[in-house]
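First comes the structure, then the notes that go with it.
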Amino acid sequence: MNSDLLSKFFKRQIKKLDNYTLKKKLYFLYFFCVAIPVIVTNGLILKIVYDSEKASRKRNLENIAEAVEYNITSSFSNAVTITNDMYTNRIISKFLDTVYTSPYDYYSAYDSLKRNYILHQSLGLKISNVILYANNDTITNGGKFAKVSEITNTEWYQYLSSSGRNLIIFPYYDYNKTNLYTHDTGRTISIIRKLDYYGKNSLEKIVKLDVDYSIIQKDITNTKYDAKVYVCDGDNIIFSNDGITSGSKEFSKWNEGNLKGEYAEKQMHLYSRDWDIYIVGYQSNMIERLRDNIPIFFILILANLLLPITIMYLVNQSNTRRIFLLGEYLDKVKEEKFDMITGEASVDEIGYLIKNYNLMVLKMEDLIQVVYKDKLERQELNLAKQQAELLALHSQINPHFMFNALESIRMRSLIKNEDETAHIIGKLAILMRKAVDWGADTITIKEEMDFVEAYLQLQRYRFGNKLLYQIQVEEACLRYKIPKLTILTFVENSCVHGIESMSNEGWIFIYITENEGSVTIEVEDTGIGMTEEQAKKLQEYMNGSNIETIENSESIGILNACVRLRMFCGEKFNIKIDSEDKVGTTIVIKLPIITC
């Protein structure tokens, strides 16, 4: 049952495909079997690569944040260790608690304390300064010791007192601080600790240890992270590697607008402070990898898309070209024209079909020759002989001016409003009616000039202001007869060969006058002209034209008009050409007066 349904389904689809052209079928094959699978597959691969790279960038950002946290923590851990040693050092505690009876006693104790290794060890290890404070009026301010009364108004002391902690880290800008070695001034990060290990009821004692800000900043800057690093205390940027953390200026302010693109954020707790670490603008090497693989991408594109469509195009041309050719010859059969299809024979199915068509044509020609065509040729021989010359002239009139006009209307109609198009189509209708109506071979000059006027308006529509013209016809000449389309042929020749090749504007002048029993038709243009030798040769060729010269010439239109004028006027017809290279051409035609 399922197989029957499937078979019916495929038959319906095949029947639908029978109504599509071979070209459309090949397009279906390309899009559904090549293009769409390639696009989907490559899209999935690119998505997988992108997601993998995105996850890798995220991990790298987090790793950078952890590395920055580790470097900062380790830098401060050494300093905190020193404060721990001072916190439990009995000698320092006793020195600060002792009430000295005289300055001499203080300096004697101070000289003994200077030999304590802790004070020597504290300098270095990313520490710039150490000061111990005590609420003891008998000590002297100087060196590494000072009275608490000197610091009670400082911001860091007030923060320590209000925090309720024994140990704090406090970043601030010290306007009185100058570092002669690094030339950094102001930015200070201090580790401050109460020294109450040996009794909380004793004198107030504090150690303030200043971390060497410039060393930690250089560590962050010199570590070549592939991103910008910001370490913030609240809205103050404490450390950064983007060049805004000069020690000679106050701490820069953090702006959330810095978080552009992908970034990582990490919070670290450093004793009494919560610092935020931001990693921004990670530089991925994905673009470099893609750039290195551009040749491979191009090869894949060519292999997956261009090669199949090229083969499809060749197959389509191979099939449709011969099918259309066979169709053209079969259409000729409807008109009783049995022509053989020539060319190199092919061996595929279409070639076999063409071979059988040629065989059919041979058999049909034999049958027609025997039964019908011989009698028909004898009956029509005399009539064809009488009409051959006139029909040949009619069939050879070059209609390309009409095609040019139609093409002009088609192109200009796309960019203009309908009113102008309607006017031009009206003019074209005049041309069409005159061109297809061969009931009478002669018309009046007035009718011919209406035809010429319509044609020139079409050409002006085509060339715009590039083409200018002037027509002057004596009133008496309007009723005289001439062969149809003769004046128009010379006007068309002036437009196409004289004006069309020019880059600037050109004129066409048409004068028709009566003089001493003859009509003079003058067609002048200011086009590209020709040399005197070329004009003389063309004049001889036109005055001596006949049916045989038309058959062997490329200038069918002009020669056709000359032959028809000679047949109409006899030997009284004369044509003269006067031309100058790059100046213009004048054609003068003299005809006898004919009114009927």
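The first residue you see is number 1, and the count goes up from there.
The backbone N, Cα and C atoms fix where each Cβ goes, and this holds for glycine too.
These features come from TrEMBL:
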TRANSMEM  27-50  transmembrane segment
TRANSMEM  294-315  transmembrane segment
COILED    369-396  coiled coil
DOMAIN    388-467  domain 'Signal transduction histidine kinase internal region'
DOMAIN    490-593  domain 'Histidine kinase/HSP90-like ATPase'
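Through the fold, the transmembrane segment (294-315) approaches residues 26-27, 29-30, 34-35, 38, 42 of its own chain, all at least 6 residues removed from its boundaries and within a Cβ separation under 8 Å. Secondary structure counts, DSSP: the domain 'Histidine kinase/HSP90-like ATPase' (490-593) has 44 helix, 34 strand, 26 coil. Regional average pLDDT for the domain 'Signal transduction histidine kinase internal region' (388-467) in the model is 67.
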